[in-house]
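K.L.:
Take a look at the following structure, please.
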Amino acid sequence: MSKKALLMILDGWGLGDHGKDDVIFNTATPYWDYLMETYPHSQLQASGENVGLPDGQMGNSEVGHLNIGAGRVVYQDLVKINLSCRDNSILKNPEIVSAFSYAKENGKNVHFMGLTSDGGVHSSLDHLFKLCDIAKEYNIENTFVHCFMDGRDTDPKSGKGFIEQLEAHCAKSAGKVASIIGRYYAMDRDKRWERVKEAYDLLVNGIGKKATDMVQAMQESYDEGVTDEFIKPIVNAGVDGTIKEGDVVIFFNYRNDRAKELTVVLTQQDMPEAGMHTIPGLQYYCMTPYDASFKGVHILFDKENVVNTLGEYLAANGKKQLHIAETEKYAHVTFFFNGGRETPYDNEDRILVPSPKVATYDLKPEMSAYEVKDKLVAAINENKYDFIVVNYANGDMVGHTGIYEAIEKAVVAVDACVKDTIEAAKAQGYEAIIIADHGNADHALNEDGTPNTAHSLNPVPCVYVTENKEAKVADGRLADVAPTILHILDMVQPAEMTGCNLIK
């Protein structure tokens, strides 16, 4: 008899501290209690670097399902770059090697430009400092930093401090602050080319207020009532840091939307009517892919294509699969679970159950869970699927309302649906793995007793429903779920999946 597996994702169903805030623990869940007493279970980490997010950041449904389906940790750009700086693998990055080797061999200037703040939305000071260190290592004669000031993701007068930090770092590393301008000009995203031209003229033609002390120049701008975001162009009078033919430019913003327009006028398209022309022979490096249509630019950290996800691998091996959820979590069990792919694979069926039309889900805490369960049980009884993934949305969607009584009702509904689903699956010879993508209903109150509507940092359960009395399940993270499913199906794990089978 061929093996079959059911993966049940209870959205927002974390393992709480059993205090008053832990609605799941404090609500009567007879079937969940039976599962915990009867079957092997463990804990999975579902937040921070365990799911490819910055350390200490709570997990979310998109990232959770991506990691679950991928069978590996899928790192966000910021985390990928952070890790590369931390373990020094950035030094072996072929584009980094090409940029600095070219500058060294041809005696060219190196320019770093980007948002100079610790806001963490578009860029990171740590990345800029690391680039300065690499320039020092390559012994580059002229390294210039062009600072775009923030004031949106940071306090409006914090920029002066960032320039002080940068100058202190450059003093022991490499680089000089060549120019300063507000992000209002350098990082427009609405085709206001007259703003972009202010930045272009500063970078290429050295047009701006001349200053010998860049920190003092920032203070003077504040004194005139002009804060970081709107700082008018400032030029360091002590250096010629303009961008010239054949120079190396590294734009260190990792978010693409506000890095595109300046890149366009420097590298992609002449705008004679606005007095802007691309610069010949520029060796231009973007931190991440800014736009698929850009030609002739280098990319330091390219987008990862997540290949051989669980869905793709099952399809390639001729297995039949079903993905089912209500509207609120349908994209999660399809698009995100399949690594960012919209189209179903061969032999992949999908069932979408409409979520209830209510203003907020505390008005209908059971949501469409019973309808999902009925359709799912019917599909299980057809006995044609090798693999089924289902998401019950209530713990998360009702958890976000912060209304305790509603969350209790949501938990009761999920418990009832889990029972009917698992009993049907057992009767048809399925083994099941029950997990969550992140916590929420397990932490419904803040310490002061006010409602907490956010996700939790708690680990999530992993229950293995099996007839095998000897089985044990190890602790792990969400990336270990797909390899565990493949183990149940007696399939070899593909090389791209770096997670571990948790069944011992």
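Yeah, the Cβs are placed from backbone N, Cα and C, and that goes for glycine too.
Bear in mind that the values here come from a model prediction, so they are computed numbers and not experimental data.
Residues or ranges marked as Mn(2+) 2 binding site in Swiss-Prot: Asp11, Ser61, Asp437, His438. Among the features that Swiss-Prot reports, active site, phosphoserine intermediate is placed at Ser61, with the record citing sequence analysis. The feature substrate binding site is assigned by Swiss-Prot to His122, Arg152, Asp153, Arg183, Arg189, Arg255, Asn256, Asp257, Arg258, Lys329. Positions annotated as Mn(2+) 1 binding site by Swiss-Prot: Asp396, His400, His455.
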K.L.:
Tell me which of the binding-site residues Asp11, Ser61, His455 ends up closest to Asp153 (substrate binding site) in space, Cα to Cα.
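P.N.:
Spatially nearest to Asp153 (substrate binding site) by Cα position is His455.
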K.L.:
From the Cα of Ser61 (Mn(2+) 2 binding site) across to the Cα of His455 (Mn(2+) 1 binding site), what is the distance in angstrom?
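P.N.:
Cα-Cα, rounded: 10 Å.
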K.L.:
Whose Cβ lies within 8 Å of the mean position of the Cβ atoms of Asp396, His400, His455, the Mn(2+) 1 site, other than those residues?
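P.N.:
Sorted by sequence, the hits are Asp11, Gly12, Ser61, Gly395, Met397, Gly399, His438, Asn440, Ala441, Thr453, Ala454.
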K.L.:
Neighbours of the Mn(2+) 2 site Asp11, Ser61, Asp437, His438: Cβ within 8 Å of the Cβ centroid, same chain, sequence order.
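P.N.:
In sequence order, the nearby non-listed residues are Ile9, Gly12, Ala46, Gly59, Asn60, Gly64, His65, Lys329, His332, Asn391, Asp396, Ala436, Asn440, His455.
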K.L.:
Find the one among the binding-site residues Asp11, Ser61, Asp396, His400 whose C-alpha lies closest to that of Arg258 (substrate binding site).
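P.N.:
Smallest Cα separation from Arg258 (substrate binding site) among Asp11, Ser61, Asp396, His400: Ser61.
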K.L.:
Count the other Cβ atoms sitting within 10 Å of the Cβ of Ser61 (Mn(2+) 2 binding site), across every protein chain shown.
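P.N.:
Cβ-Cβ neighbours of Ser61 (Mn(2+) 2 binding site) within 10 Å number 25.
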K.L.:
How many angstrom lie between the most widely spaced Cα atoms of the substrate binders His122, Arg152, Asp153, Arg183, Arg189, Arg255, Asn256, Asp257, Arg258, Lys329?
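P.N.:
Of all Cα pairs among the recorded substrate binders, the widest measures 37 Å.
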K.L.:
Take the C-alpha atoms of Asp437 (Mn(2+) 2 binding site) and Arg189 (substrate binding site) and report the distance between them in angstrom, rounded.
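P.N.:
For Asp437 (Mn(2+) 2 binding site) versus Arg189 (substrate binding site), the Cα atoms are 34 Å apart.
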K.L.:
Which ones, of the binding-site residues Arg189, Asp396, His400, have a Cα no more than 10 Å from the Cα of Asp11 (Mn(2+) 2 binding site)?
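P.N.:
Candidates kept after distance check: Asp396.
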